[in-house]
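Asks: Below is the structure I would like to discuss, written out as structure tokens.
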There are 2 protein chains.
Amino acid sequence: MSDENLGSVQYGRPSQVPFGSLTGGAPQQHQVRHRQLNNPSGTAASAAAAAGVPAASSSRPRATSDYGSIRASALHQARLRIESDVDCVSYAPDVTVEGTERQRLVDNSGEWYFESQHAVSGEELLSAKFESLDYDTCENSLWAAEDQSRTVWDLRRIELCRWLVHLLIGVVTGAIAFFIDVCIEQLAKVKYRYMKSMLDRCIFHDCLIYALLLWIAFNFIFVLIASCLTVFGEPVAAGSGIPQIKCFLNGIQVPRVVRLRTLVCKVLGVLFSVVGGLAVGKEGPMIHSGSVVGAGLSQGRAASFKFDLGIFEYFRTDAEKRDFVSGGAAAGVAAAFGAPVGGVLFALEEGASFWNQGLTWRIFFSSMTSSFTLAFLLGFYRGIPNDLSNPGLISFGKFDKLDYDLLHLAIFACMGVVGGLSGALFNTLNEHLTKFRHRYVTSKLGQLTEAVLVASITAVTSFVLIYTVRSCQPLGSDQMEYPVQMYCPDGKFSSMAALLFQTPEAAVRSLLHDPVGTYSVTGLIAFCLPYLLIATWTYGVMVPSGLFIPSLLIGAAWGRGVGIGLNLLFPTHFTDPGKFALIGAAAQLGGIVRMTISLSVILIEATGNVLFGLPIMVVLMVAKWVGDYFGTGIYDMHIELASVPLLPWEPPSRSAAVSAQAVMSSPVTCLYRQERVSRIVEILRAEPHNGFPVVSGDLGPGTFGTFEGLVTRNQLICLLDMRLFDDGDPNFHLENPVSLSDFRRVYPRFPSVRQLQLSEADLMKSVDLGRYMNPAPYMVLHTCSLARIFRLVRGLGLRHLVVIDHRNQVVGMVTRKDLARFRATHTGDLKELQFTG
Amino acid sequence: MSDENLGSVQYGRPSQVPFGSLTGGAPQQHQVRHRQLNNPSGTAASAAAAAGVPAASSSRPRATSDYGSIRASALHQARLRIESDVDCVSYAPDVTVEGTERQRLVDNSGEWYFESQHAVSGEELLSAKFESLDYDTCENSLWAAEDQSRTVWDLRRIELCRWLVHLLIGVVTGAIAFFIDVCIEQLAKVKYRYMKSMLDRCIFHDCLIYALLLWIAFNFIFVLIASCLTVFGEPVAAGSGIPQIKCFLNGIQVPRVVRLRTLVCKVLGVLFSVVGGLAVGKEGPMIHSGSVVGAGLSQGRAASFKFDLGIFEYFRTDAEKRDFVSGGAAAGVAAAFGAPVGGVLFALEEGASFWNQGLTWRIFFSSMTSSFTLAFLLGFYRGIPNDLSNPGLISFGKFDKLDYDLLHLAIFACMGVVGGLSGALFNTLNEHLTKFRHRYVTSKLGQLTEAVLVASITAVTSFVLIYTVRSCQPLGSDQMEYPVQMYCPDGKFSSMAALLFQTPEAAVRSLLHDPVGTYSVTGLIAFCLPYLLIATWTYGVMVPSGLFIPSLLIGAAWGRGVGIGLNLLFPTHFTDPGKFALIGAAAQLGGIVRMTISLSVILIEATGNVLFGLPIMVVLMVAKWVGDYFGTGIYDMHIELASVPLLPWEPPSRSAAVSAQAVMSSPVTCLYRQERVSRIVEILRAEPHNGFPVVSGDLGPGTFGTFEGLVTRNQLICLLDMRLFDDGDPNFHLENPVSLSDFRRVYPRFPSVRQLQLSEADLMKSVDLGRYMNPAPYMVLHTCSLARIFRLVRGLGLRHLVVIDHRNQVVGMVTRKDLARFRATHTGDLKELQFTG
């Protein structure tokens, strides 16, 4: 900035400025345009006092004595203008806009006002808890300087670090999966062996009630541990974590979702909830765990433990972190299902919006490494070290022969319809339960009680099932580890007990691969219905709980039932019920979660059979179409219930006539290039917003200052924290060089404005925002349609989009919340087509 | 527009306009800012005469008499300004720009000038042949009206049509694949049966030379047919078509690439080139064929045959067409390799930039349908109807057992290195050959001669190989259809002849699955080297030719050689050479084409083995890394050689300090909202550009008119063709309603401006561009960095990006060619990192 501006920071200015002063080459004077919406007294001094900072006027006589009266009148005018903003968007009536264009603006203003009235509640609803992430790069002068200072070798080093981090993500995620696998196996072995011997003894001694009590006790204790870890340890570790990761990748900062503490609680919690006999799987939590690993390793530190390696500092931005979280999620899927390609597709289908080839390769690398690590460790554990092709990778056992014809395909499609219906039922029940839970089960004690209640009821139901459904099958070439005889004759065992005396994952394997005749149709139906209800209840209880395995189990049960039934009707056909179990499993899972591509690939990889891909795809498609008729998938449903401003893939239909003005937030608080510290502090305290446009030029009726750039709250806080107060001194930045590293160091936990320790003298100084602002953020004209804005924000992962008028003056801002809010208030009229989901 | 403006189209205006006239609510006057760079006389009249339209001044006395003198001086000023543009970007020296900002602009101007000097040759080089596609929606008032008029049922119908078209794409692509498969099978049967009997006879009668001549004759005739189809039928059908489709999906209009004529020539051509014994496969051409099917079916017409169904009219935009072409490409891969998931990933890895969940599902649906159709038809053809799980889907035979350990993995990685090196060699040789061919083999006769020469030499080489390499193997449980005895004792056959007496695809299958001991190391090496050279030569010859199969064959040969060699060294280990053949095939193909994810999945699906996925991925990654060290993949290499302005995935490294001003084209020809027909015609004739910003307000030194919107050449031509001349009459549009359909009807073959039949009276009328322009196209500030511009253009598939200054005045335009050109002129300094490819 030129020297003449030193210290001439002003708080207002007459609105009528001769045109010549802008074009005549005179040095610009910089003002603050400060919106005192909550300060009806209308003077800057009282505003400053109200906001808790010393009033500028009292401590800086020169500024006030020079411009005091002008300031007061300018502020008064500004207030008037702000109020008129609300009435007519952004064009004060005395501004000339061309013919038709103006007509349209005036026509729209009424509607906009209506919008803004509705918006208040929507905003509060949506913004209470969730901040947005910013996946855009702030391309300020520091960034340019850093970019210029890099050699080709620096770039190579960063690239190498990226690959290295992805490698580490794969290794660590694979190791975690191994840890969970082995712990569950060992704990389940203890539990079921003890239970079996108890049951076997009690059948003869008529002490079945003690066996039941023992079972309840086992479940109670394990689930209590899991629930304590979640409720007292980290509540965000509850559930599968997939909705949270989906939100994170979409650009929403779900608090504490990728912290180390969350990881620990999730991993230990899922162990105990699976062993506790709940209708849950470890797959969803594995995906969440992988994501935390990705976020943690890429930052090279763990804030929960005040531990900082100081490496990978370059990756401390939202955009870089997102990439590693995608890699972690993919690695999680790869480890959970032995499906590396499925992992990549999961990360893409559920998360990423901008497809980047290089990133996808790295995600793929994480997935591969994770699969490899798990296979390698499992090989050692199972005593066949060095054999990487062991079936550890294949979660659901390998099918040797799966043939099908057109008739099969037709039946499978019908099963897809059943899966869609049953999935919709599951989701609807779960939705009501979740609403109930949000309202009534809010205390920690209540949550713990619910968890152990579910655990006990699961045990009781299982026991009743085993006791009542007396389907006996001969002991044969089956896979049961603990065949329970119950009331069956010698040499036979209770197939129901076999199904319930193992973890749900093992039960799925049994249903897919047990020989013909192991289960009866009645037994499967008797198992299926209560299990569906229990699983519905379980998803949402305060324990880490995956949804994939219970869904697959329910589906496999009724699918196998269908297969057996068909075989009874046509004894020469349909001899392989396992095939139908697989299709049923796919149908049920597809009906609940509504994924198609990644789920197809996951199932293909998890069963090791490529040939059966086509029927699986058909079933998933049908299940999705049918289910979408009744509502969204379960993850989206939970995201909606949590009022998260998730942006869908496509802009709302028929949004062409909705313009930026109807969507944007207005008025916007703007800053000047050379800005006084006390003003910045005041604004940061008074305003919840994150992005502030930087403007120059004139204020007054109908003029909003020329848009120059955008500065974010975090940048401002860093500036203040580092005391980069130059007071217009051109040599200041030479003497106090800062780099982007200084900003990244505090990422992502920037101090709040109230934590800043600024002296009175500091507050009187000024900052040159020009160096730190983004000089060319994305922006649109106010005539832009909602569809276009949506595509821009969604496609590039923006947090702020500045709306300008035809004079390049800031008239509004569009953020993720504006888009989400707009959608929320328009559900009737502009609701999205559910046909494609 | 207001009535006062009727007929007051002016060609200039005093540059000093009082500020009040803009803000005082007076009706705006509209001018044309016309750049007469090639017209040094400086008057509008002579300019119009030079451009071949009647001069406005002579036929419209009112306009000239009123404004004549003013116009002349304004034009003179404009000319001065234009010249100063070239010197100092966009800011005339008398415009005040703020302190540092101005400094930067002035500093940059020298560099920009340097750029613009370089740019001329780059532009000519890049733009000679290729137009860009526009994947953005023009959101004008017609679009808004159409959008508003749609009911929910219309939206559902469009969505249903989308799925229907994707279904049809799958069915037709599958049927084409079936046709090619069966024809090749039948023709090859005739050829090789005849050859075998000839050879068997000639061994005894010593007439081998006649057998050779017969072989040459076969190859000569088949390849001559294929080459004639390409050279005289449709030259763009040559090669694999994958580079062309990659360009299309990237946003480049490769002429005639998705026409029906191309499809016919490609399909018939590839038949004959495969049967003609060339080292080619049908896979690449299948992908191209699928893409043509996608483009054709979605438009509901075939322009080559003047055939229009009139359906799917809504899909006649670049963006919609692109989606269907993606679906077609995926369906092609699915049919070619029996790899539906691989198809989806191929479409994404090679083509799409913006990942859209709904689109991906539809692409997946096309892939599935295509696989299904092919399996269904092949089932019928092979006499096992109704069995969809027959191995027709699996192209390379099914592996039953593929185990591996760490040692294997290490060996595979080394093979990946070999594949990368060998692929780089292949690409380098092919690059030199292609350059040679571009220079010397340009006549049709030359191209035909080269094709038949390659065919003959292939036959001779094969014959010499069979004759000299006398590795005899016992007739056993092999898969050879035509075992040739040659000089082998009875009960044995020549393994070399077996390899060469089938199509390359069948040969790959043999190398993967033939029992241990079928081939010798020396035989494989003797086969491998000449085949590599021939394949290098073949790719680029004017016949449809896929590269996948020859690459896989070369790799499988040396891979099997490695396996046999290892087994000789360690007789108890490495007993399965087929495993090594598969890895070698993957390594070689990965080294040549440098795809990883889609190729992994394609190979996994084509061999039906999920467990072997990890080694394949490792090998492909290693081969890619090694190969990338020496240069790009073969498709990218061919795209570069063709000077296509392909945009890579990432912006150039270290481009932070490069601003929009250095990249943009300037000056830009702008139009006014109410524009005279003669002006439009003149501009369209004189300028090659496609997008014209619409501006309002003042012209003069340092003022460029306020940016209002963007209108494209095609829109202008349609407007003129439909004679939508309103002359400012507000009732005109009520009396002459047009809709977007009228514009889509002529898509994509808009008439040229010279084909328009406009009368003298027409030329005097004026058009309201406000209705047709895009009122809020994407735009950036002139301070925007190259990286940001790149991400915007690449991410959203834009054709034009308007650059504005801080007053919202148009200072430049950035198009794909500007970005590509910028990259081309900066290869030394800003070359992209090749580490990630």
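A Cβ is built for glycine as well, from the same backbone N, Cα and C atoms used for every other residue.
The following feature annotations were taken from TrEMBL:
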REGION    A:1-65  region 'Disordered'
COMPBIAS  A:41-65  compositional bias 'Low complexity'
TRANSMEM  A:163-187  transmembrane segment
TRANSMEM  A:208-232  transmembrane segment
TRANSMEM  A:324-347  transmembrane segment
TRANSMEM  A:359-381  transmembrane segment
TRANSMEM  A:402-426  transmembrane segment
TRANSMEM  A:446-469  transmembrane segment
TRANSMEM  A:519-541  transmembrane segment
TRANSMEM  A:547-570  transmembrane segment
TRANSMEM  A:582-604  transmembrane segment
TRANSMEM  A:610-627  transmembrane segment
DOMAIN    A:664-727  domain 'CBS'
DOMAIN    A:773-830  domain 'CBS'
Asks: Within the domain 'CBS' (A:773-830) only, compute the mean pLDDT.
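Replies: Average per-residue pLDDT within the domain 'CBS' (A:773-830): 81.
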Asks: Between the transmembrane segment (A:208-232) and the transmembrane segment (A:446-469), are there three or more C-beta pairs closer than 8 Å, counting only pairs 6 or more apart along the chain?
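Replies: Stretch pair touches.
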Asks: May I ask you to check whether the transmembrane segment (A:324-347) and the transmembrane segment (A:547-570) make contact, with contact taken as at least three Cβ pairs under 8 Å and only pairs 6 or more apart in sequence counted?
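Replies: The transmembrane segment (A:547-570) and the transmembrane segment (A:324-347): touching, no.
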Asks: Cβ pairs under 8 Å with the transmembrane segment (A:402-426): which stretch of A:163-187, A:519-541, A:582-604 has the most?
Replies: A:582-604
Asks: For the transmembrane segment (A:359-381), give me same-chain residues lying six or more residues beyond its boundaries with a C-beta closer than 8 angstroms to one of its C-beta atoms, as numbers and ranges.
Replies: 162-163, 166-167, 169-171, 173-175, 177-178, 181-182, 290, 294, 323, 326-328, 330-335, 338-341, 343-344, 347-348, 352, 387-390, 392-393
Asks: Take a look at A:446-469, A:547-570, A:582-604 and tell me which one has the most Cβ pairs under 8 Å to the transmembrane segment (A:519-541).
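Replies: Looking only at A:446-469, A:547-570, A:582-604, the most contacts with the transmembrane segment (A:519-541) come from A:547-570.
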Asks: If we skip the immediate neighbours and take only residues 6+ beyond the ends of the transmembrane segment (A:582-604), which ones have a Cβ under 8 Å from one of its Cβ atoms?
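Replies: That would be 333, 337, 339, 341-342, 345-346, 348-350, 396, 399, 402, 412, 415-416, 418-424, 426-427, 508, 511-512, 547-548, 551-562, 610, 612-613, 615-617, 619-624, 626-628, 632-636, 837.
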Asks: Mind checking how the domain 'CBS' (A:664-727) divides into helix, strand and coil residues in DSSP?
Replies: 19 helix, 21 strand, 24 coil
Asks: Taking DSSP states H, G and I as helix and E and B as strand, how many residues of the domain 'CBS' (A:773-830) are helix, strand and coil?
Replies: 25 helix, 17 strand, 16 coil
Asks: By Cβ distance under 8 Å, which residues at least 6 away from the ends of the transmembrane segment (A:446-469) in the same chain are close to it?
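Replies: Sequence-remote neighbours of the transmembrane segment (A:446-469) are 208, 211-212, 215-216, 218-220, 222-224, 226-228, 231, 276-279, 437, 440, 484, 486, 494, 496-497, 500, 522-523, 526-527, 530, 534, 537-538, 541-543.
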